[in-house]
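Before any comments, here is the structure.
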Amino acid sequence: MESASEFIMPAAIAIIMFGIGLELKFKDFRRVFTNLKGVLIGLGCQLFILPALALCIIYYWPIEPIHKIGIMLIAACPGGTASNLVTKILKGRVALSISLTAFNSFLILFTIPLIIEFSYMIFDQDAKSIDLGFWETMKQVFFTVVLPVFTGIGMGKMMKEKHTEKLHQPLNFILPAILVIAVITVLVSDESKQNISYLKYLHILIPLFILNIVTIIVGFIIARRSSLKHDSAYTIAIEMGLQNSVLALFIASQLLKSQEISLIAILYGSFSLISTFGVAFILKKYFAYGIK
């Protein structure tokens, strides 16, 4: 798992973010930062609403305390490349999605340790502290997200518009394929160690699925009630539904040394991409004018 997550996933993320960057322009980010409302609402939803919803759903749910801690870890993780890619495919606000990923990847240095400690105190009576490593995390975000995106934007600017337009359609198939292969490689390599049977863990899958669907819908409603445009609203909804399962898996296995918490990351990662895409597609297509 270590070799898969330490090499395959970062390389895949960098390639995907470069491909996304090819279709963006610098003015897309200028538009986001001249009106920070979308960023602030998105961050507020991810940092406060998402963990609060997770806590409400699992507090009385009849599962082991250690699994509840795993679900809180999932809720504390940022969106990441998968959310950026789904936003691109559904023609949402990609610059907003990437901005939320970058900001959240910095803020989790403080929020994840706090949420983990809080979760252990509530569910396990044994407070644990973790250190994500400030510079290591910043370096990872820079080389896998920021640099590839802006390299792609620069490359797209140098290429003729007709050439970049020819790449749009193939990239819609190539980039998701890269992500799916990379995620499956990482998750399956850990799955094989734990010999996971999904029917055996149905009682855990149910609250995870409820969390996924509820957070997407709540994120969308909050964004629309805050008078954000439709494309910004379902972009934030996607960010709420797609948590970085690979990061959660790394924290669980390498920092917390817990197979039970790793299990939650594997289970959530196995369905959240498909379910988030499906719900976000419905919100985009059928609720453009329904919630204000």
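Placement of Cβ uses the backbone N, Cα and C atoms for every residue, glycine included.
Annotated in TrEMBL:
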- 7-26: transmembrane segment (TRANSMEM)
- 38-63: transmembrane segment (TRANSMEM)
- 69-87: transmembrane segment (TRANSMEM)
- 94-121: transmembrane segment (TRANSMEM)
- 141-159: transmembrane segment (TRANSMEM)
- 171-189: transmembrane segment (TRANSMEM)
- 201-222: transmembrane segment (TRANSMEM)
- 234-255: transmembrane segment (TRANSMEM)
- 261-283: transmembrane segment (TRANSMEM)
Practice prompt. Could you tell me whether the transmembrane segment (201-222) and the transmembrane segment (38-63) are in contact, taking contact to mean 3+ Cβ pairs under 8 Å with a sequence separation of 6 or more?
Written response: yes
Worksheet item: At an 8 Å Cβ cut-off, counting only pairs 6 or more apart in sequence, do the transmembrane segment (234-255) and the transmembrane segment (141-159) clear the bar of 3 or more pairs?
Response: no
Discussion item. Same chain only, please: residues at least 6 beyond the ends of the transmembrane segment (141-159) with a C-beta under 8 Å from a C-beta of the stretch. Say none if there are none.
Written reply: 10, 13-26, 81, 98, 101-102, 105-106
